[in-house]
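Participant: Before I ask anything, let me first share the structure, which is written out below as structure tokens.
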Amino acid sequence: MILVSTTSAVPGALSSPSSPSNSSQEELLDDRDPLLVRAELALLSTIFVAVALSNGLVLGALIRRGRRGRWAPMHVFISHLCLADLAVALFQVLPQLAWDATDRFHGPDALCRAVKYLQMVGMYASSYMILAMTLDRHRAICRPMLAYRHGGGARWNRPVLVAWAFSLLLSLPQLFIFAQRDVGNGSGVFDCWARFAEPWGLRAYVTWIALMVFVAPALGIAACQVLIFREIHASLVPGPSERAGRRRRGHRTGSPSEGAHVSAAMAKTVRMTLVIVIVYVLCWAPFFLVQLWAAWDPEAPLERPPFVLLMLLASLNSCTNPWIYASFSSSVSSELRSLLCCAQRHTTHSLGPQDESCATASSSLMKDTPS
């Protein structure tokens with residue numbers, strides 16, 4: 001049996017994959033580096049506030065807009081992405097923060113298993129909701145009639161349900177891997193640890209999670225974005241046969257204003273594609289690289305401060321998700337500005353140009369098309 005100590009949702013963090021012996025029992029019970037503990041608490045607190053505040057603001061803006069009419073399909077996906085990221089904040093970052101503050105997991109075995117399960121649900125849901133959103137955007141652009149026939153303005157649709165269902169199902173192994181276990185041979189100190197029946201179990205499981213949470217969604221997102229860009233390019237830029245037909249009919253192949261419009265649309269698509277893929281990879285890569293390093297290398301520097309802090313960055317992508325999609329959706333960004341403006345007005349209780357700008361922002365939303 002392999003007993004693995006962890007303060008991460010993924011087994012292998014902050015420990016070596018070996019059972020503690022009597023000689024290492026005192027080492028397990030020693031106090032941690034106080035400076036490192038403060039750094040961990042500060043990092044987790046910052047991430048929690050950033051995730052909760054950013055996703056709460058964007059979700060509030062979407063709910064505020066939804067009260068005035070039917071939600072656009074993209075708004076449905078952004079709202080569920082915000083819910084998934086809020087689940088990361090509440091069920092992953094917050095328990096992790098309490099756990100780091102107390103050093104050991106204090107709670108019954110059922111709570112240990114539930115926390116580990118919900119931590120993984122948040123990781124899967126955040127990644128799969130982005131993938132579902134990208135797949136739906138690909139269908140809407142490349143297969144518009146199919147997208148129209150299936151709708152998409154409902155608060156729950158098929159891709160959203162599939163993303164949540166896969167997140168709940170793929171997280172089930174956490175319930176059987178983790179439990180409250182003695183950290184040493186009869187030490188009397190218990191922690192929420194993972195146990196694998198075979199020596200290769202830890203490496204296989206961490207690799208599986210890296211593939212399913214990071215690698216596979218990243219490849220799917222990148223592939224869909226490339227196909228979307230190709231479809232937009234093909235629809236906006238006429239091909240050789242179409243240009244020849246226009247010349248035979250005496251039509252110009254394009255005007256300067258048309259070319260500028262095409263260039264602007266393509267530039268926005270390229271920017272969005274690059275931002276989505278690059279930010280996704282940059283946010284997830286450090287966490288999974290150190291997780292795989294810890295699982296596969298017995299000599300990994302598990303106690304080094306950079307290594308320990310990188311183990312806590314599983315929720316980094318949840319800080320950036322709402323701002324990426326809000327910035328590329330004119331309706332969401334306008335609603336968010338209106339919400340912040342009105343909140344500032346109610347806070348200051350002042351009347352003047354600020355109220356006028358708030359009212360102007362609110363009224364302009366009625367003419368904004370969902371994007």
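Yeah, the Cβs are placed from backbone N, Cα and C, and that goes for glycine too.
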Participant: I'm curious whether Trp193 and Ala300 share a membrane side according to Swiss-Prot, where sharing means carrying the same topological domain name.
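Facilitator: Both on the same face of the membrane, per the record.
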Participant: Among the recorded stretches 78-98, 114-135, 201-220, 272-293, which has the greatest number of Cβ pairs closer than 8 Å to the transmembrane segment (160-180)?
Facilitator: 114-135
Participant: Whole-number Å only: compute the distance from the Cα of Asn185 (N-linked glycosylation site) to the Cα of Cys341 (S-palmitoyl cysteine).
Facilitator: 59
Participant: Across the topological domain 'Extracellular' (99-113), what are the DSSP residue counts per state (helix, strand, coil)?
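Facilitator: Secondary-structure breakdown of the topological domain 'Extracellular' (99-113): 9 helix, 0 strand, 6 coil.
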